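The structure appears right after this line, and notes come after that.
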Amino acid sequence: MSISPVELLSWYDHARRDLPWRRPGVSAWQILVSEFMLQQTPVSRVEPIWSAWIERWPTASATAAAGPAEVLRAWGKLGYPRRAKRLHECAVVIASEYDDVVPRDVDTLLTLPGIGAYTARAVACFAYQASVPVVDTNVRRVVTRAVHGAADAPASTRDLDMVAALLPPDTTAPTFSAALMELGATVCTARSPRCGICPLSHCRWRSAGFPAGTVARRVQRYAGTDRQVRGKLLDVLRDSTTPVTRAQLDVVWLSDPAQRDRALDSLLVDGLVEQTADGRFALAGEGETGRPA
């Protein structure tokens, strides 16, 4: 069984969300920025930060010219701030080695900082209309249910081949990829699928009576984790115009000093924070100079 391009594309034509990075005139760089931000982060949180980012830094060279600390500030509370650092590094390479133009092919994209298998294919597909399979959790879920009749499936080395076999052999392949992703994000969701409005008339999971999944879902806890502590420490540094003392950081997490120290050490190791000669702390690039006026 396959997935009908006619059914899927007809649905996508009227049901797709009006996301800013999908609009006409959006550049390959701006699409790349959206892909960095959308990793493990809901669309609703990404939209305002992406829009502000693109208004401020519309090109790779503009992003590269900004200091890493300003990039971290603009990233705000999107989470996983190492993505911001890698995005800045990616901008530097594109500006200096590719004349400010995002590479078109997957193999070259894979050589850029912070770009893995998914992001490389997403940029090639959505920015340059390349007919390449793009597989995220939403796409994997739709294909697993509609084609294989299971509720879920773990990531597999066969995913790319499986999705590639579904792509229509014409210029609609990139739109088909976007539609698969949209269907998984808005209709064929993990917890509460809206099968009553699904455009796919042939779905093996539905035909099989919706068998339960076998893959245990991990519930990602945030409260009390090192991620939360790292975020609180970064908040202090983002809000400061000068390096701060250890005492100013200590007060953000008094309940577990060892965890706080571990979180701070990890920020230093990741290159997101630096320590000055007198023992104070600042965002990367602002240790000696402070925040630019």
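Even glycines carry a Cβ here, placed using N, Cα and C.
As the structure is a computational prediction, the values presented were derived from the model and not from experiment.
These features come from Swiss-Prot:
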- Glu35: active site, proton donor/acceptor (ACT_SITE)
- Cys188, Cys195, Cys198, Cys203: [4Fe-4S] cluster binding site (BINDING)
- 98-126: domain 'HhH' (DOMAIN)
- Asp136: site 'Transition state stabilizer' (SITE)
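Feature annotations (Swiss-Prot) mapped to structure.
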residue	record	Cβ neighbours (10 Å)
Glu35	active site, proton donor/acceptor	22
Asp136	site 'Transition state stabilizer'	20
Cys188	[4Fe-4S] cluster binding site	24
Cys195	[4Fe-4S] cluster binding site	14
Cys198	[4Fe-4S] cluster binding site	19
Cys203	[4Fe-4S] cluster binding site	21
As a whole number of Å, the Cα atom of Cys203 ([4Fe-4S] cluster binding site) is distant from the Cα atom of the residue listed as 'active site, proton donor/acceptor' by 29
Determine, to the nearest whole angstrom, how far the Cα atom of Glu35 (active site, proton donor/acceptor) is from the Cα atom of Cys195 ([4Fe-4S] cluster binding site). 27
Cα separation, Cys195 ([4Fe-4S] cluster binding site) to Asp136 (site 'Transition state stabilizer') (Å, whole number): 20
Suppose the [4Fe-4S] cluster site is Cys188, Cys195, Cys198, Cys203. Which further residues of the same chain have a Cβ inside 8 angstroms of that site's Cβ centroid? Arg145, Ala146, Leu183, Val187, Pro193, Arg194, Leu200, Trp205, Arg206
